[in-house]
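Engineer: Relevant sequence annotations retrieved from TrEMBL are reproduced here:
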BINDING   B:43, B:45, B:49, B:92  Zn(2+) binding site
CARBOHYD  B:81  N-linked glycosylation site
């Protein structure tokens, strides 16, 4: 399986079962590792998402989809062997808020490949969030030559 | 979270993110542990399924959906940190074929709650496999009183 940091220092992503890489149609599974202090972008998506924390601990920052912009996020501690789910369309950010240990998570999404809308900050209106599609790890597969003749 | 063996000795199941327990609509995640020698029933389902092996090793027995009955299954070794997917509708059985260690897996399915068709053996016609719905761990939730007024 292909592992890369996709240009993000202190980050690692592997698609362990994916739509483009393995023909999944309904679910996709990733293994991601965040070094101390590392974060995902603030983002939202209209699919379901489940995180299972395999190692380390961190913080889930969770905004709201009910107002014009995400607003001040809730800070939810996450830790080894915990599971958390992201409400559909809620802006969120996963942050390894620990200073020493890596945070390793299995991520499960529905409706792959993922369509991610990225926010510059928590006060950006939902309508201004920018679609990044295909997402970085899906670009590899889309640009690869097809198997079929 | 509720852990039970659902009447199967040497087995443990936890629904870590589920349709009935947690309101998931598109994916469901289970944590399952099989003692040495323990197996799932031979079964099929029309959803996608991904296994991530967290601990131990075992054997995936995989039949075919292309003939009248599953037939002699392939025997596919599985081991810690490996991932395997089950083709939609293919009859299969997960077996902790190790004599000493537990096999622990995260299981991801689409389209919950799961509708499982169970076979008595590999020569049983697909049309004779018996639907068990709701499945054992979903019965708990369905029989529980609802939250809503």
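Just so you know, glycine gets a Cβ as well, placed from its N, Cα and C.
Nobody curates TrEMBL annotations by hand; they come from automatic prediction.
Fair warning: this is a prediction, and the values are worked out from it, not measured in the lab.
For the listed features, I'd like the structural context: burial, neighbours, distances.
Structural biologist: The Cβ of residue B:43 (Zn(2+) binding site) lies under 8 Å from the Cβ of B:91, B:92, B:93, B:116, B:117, B:118, B:119, B:129, each of these being in the same chain and 6 or more residues away along the sequence.
Non-local contacts of residue B:81 (N-linked glycosylation site) by the CB criterion (under 8 A, 6+ apart in sequence, same chain) comprise B:53.
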Engineer: For residue B:45 (Zn(2+) binding site), write down the residues of its own chain that are at least 6 apart in sequence and whose Cβ falls under 8 Å from its Cβ; none is a fine answer.
Structural biologist: B:88, B:89, B:109, B:114, B:115, B:116, B:117
Engineer: Test of understanding: give the count of other CB atoms lying within 10 angstroms of the CB of residue B:92 (Zn(2+) binding site).
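Structural biologist: Taking all protein chains shown, residue B:92 (Zn(2+) binding site) has 25 Cβ neighbours within 10 Å.
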Engineer: Count the other Cβ atoms sitting within 10 Å of the Cβ of residue B:49 (Zn(2+) binding site), across every protein chain shown.
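Structural biologist: There are 21 of them.
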Engineer: Beyond the listed site residues B:43, B:45, B:49, B:92, identify every same-chain residue whose Cβ lies within 8 Å of the center of their Cβ atoms for the Zn(2+) site.
Structural biologist: B:40, B:44, B:86, B:90, B:91, B:116
